[in-house]
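Engineer: Below is a structure I'd like to ask you about.
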Amino acid sequence: MVSSTWGYDPRAGAGDLVITTTAAGAVTIAVLLFQTVCGDCGPPPDIPNARPILGRHSKFAEQSKVAYSCNNGFKQVPDKSNIVVCLENGQWSSHETFCEKSCDTPERLSFASLKKEYFNMNFFPVGTIVEYECRPGFRKQPSLSGKSTCLEDLVWSPVAQFCKKKSCPNPKDLDNGHINIPTGILFGSEINFSCNPGYRLVGITSILCTIIGNTVDWDDEFPVCTEIFCPDPPKINNGIMRGESDSYKYSQVVIYSCDKGFILFGNSTIYCTVSKSDVGQWSSPPPQCIEESKVPIKKPVVNVPSTGIPSTPQKPTTESVPNPGDQPTPQKPSTVKVPATQHEPDTTTRTSTDKGESNSGGDRYIYGFVAVIAMIDSLIIVKTLWTILSPNRRSDFQGKERKDVSK
């Protein structure tokens, strides 16, 4: 008896015809089916140190291609493919290990760069040596090496600073100014300029040491300091000016004075100075000369206190009061000392073109006022005496005298 079945024998290829005979002599004919759907290679193969880039694909028809990327810590070996292809027989193309351990891209240095032969390299297995060269603006120190090696722990050996900055030419002196050099004159340094008082900076305030061709130099021309002048000082009416010249430099002085019969108002001396915008200007406006007769004179001010304690004694005033109705009899006169009114010192300032002239009007006013005050004080004293010697006091005084006479 002969029977036929469809099945799969892992020892045979897909589509092979397999004939088997049982112990009873039956013959079985089997046509093996494909392990996968015809034209589908199935999942991509595993490759050491790499992983396939599948995206959303799950089926791979004939001639499909799958690329791989290296795992962390591994780099693709140059000249080795990272792609497999689905063949007509449903198998993936042969492949080899193309990811190996490698150092990362060599360190970028501020003073040096990799030589051109290393620009396109991305695979640096252990033991790889790379070499640097100085960047523009730097010069190599012969005693130091510019090489670095990929070590066993996949790090690069340190590189000595074998390049030093080039120096720009020494700056020339700045006439009537100052050059500030904060960090030297090496490549990348900046210097600043300023002028002395009375001078203006013409040009830029700072320049930079930079690359010019194959060397380094200052990136601009040096400035200059030019002297600042003031305009001619203004003339004044009824006066003269001393210190005139053809030009007026910083801090130069002119002096004004008035003609006879005129008084100067303002600053008699002005000097040439500089504004914030470096423009010459005079320190103040010129003075004015005004005719003496037109100058207003301030009246003197006298400070008279309302009350005060007399301090300067005057000649005593003597007064005898007679007894009414009786013959006058000799009596011992009563003497009352009347102090003079306090006189404040005259503090009024008097100004005159003639030093010998005095303010007679003001003095007469003061003396008259003092006399009035003295007269008022005298009247008060008389009133006081009259009160003391009233009729009652006089009666007592007369009775006492009669008693003395009878004795």
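Keep in mind that glycine also has a Cβ here, set from the backbone N, Cα and C atoms.
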Engineer: So CYS289 is in a disulfide according to Swiss-Prot. Which of these is its partner: CYS258, CYS272?
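Structural biologist: Answer per Swiss-Prot: CYS258.
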Engineer: Can you tell which of CYS134, CYS209, CYS225, CYS230 is bonded to CYS168 by a disulfide, based on Swiss-Prot?
Structural biologist: CYS209
Engineer: Quick one: which of CYS70, CYS134, CYS150, CYS163 does Swiss-Prot link to CYS103 by a disulfide?
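Structural biologist: Between CYS103 and the options CYS70, CYS134, CYS150, CYS163, Swiss-Prot records the bond with CYS150.
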Engineer: Measuring Cα to Cα, how many Å separate CYS41 (disulfide bond) from CYS272 (disulfide bond)?
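Structural biologist: CYS41 (disulfide bond) to CYS272 (disulfide bond), Cα-Cα distance: 98 Å.
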Engineer: Return the count of C-beta atoms lying within 10 angstroms of the C-beta of CYS103 (disulfide bond), excluding that atom itself.
Structural biologist: 21
Engineer: For a three-state summary based on DSSP, what are the helix, strand and coil counts in the domain 'Sushi 2' (102-165)?
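Structural biologist: Grouping H, G, I as helix and E, B as strand yields 3 helix, 20 strand, 41 coil.
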Engineer: If you measure CYS195 (disulfide bond) to CYS134 (disulfide bond) at Cα, how many Å is it?
Structural biologist: 38
Engineer: Compared by Cα position, which of the disulfide-bonded residues CYS225, CYS258, CYS272, CYS289 is the closest one to CYS99 (disulfide bond)?
Structural biologist: CYS225
Engineer: Please tell me which one of the disulfide-bonded residues listed here (CYS225, CYS230, CYS258, CYS289) sits closest to CYS163 (disulfide bond), measuring Cα to Cα?
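Structural biologist: In terms of Cα distance, CYS163 (disulfide bond) lies closest to CYS225.
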Engineer: In whole Å, how far is CYS209 (disulfide bond) from CYS225 (disulfide bond) when you measure between their Cα atoms?
Structural biologist: 21
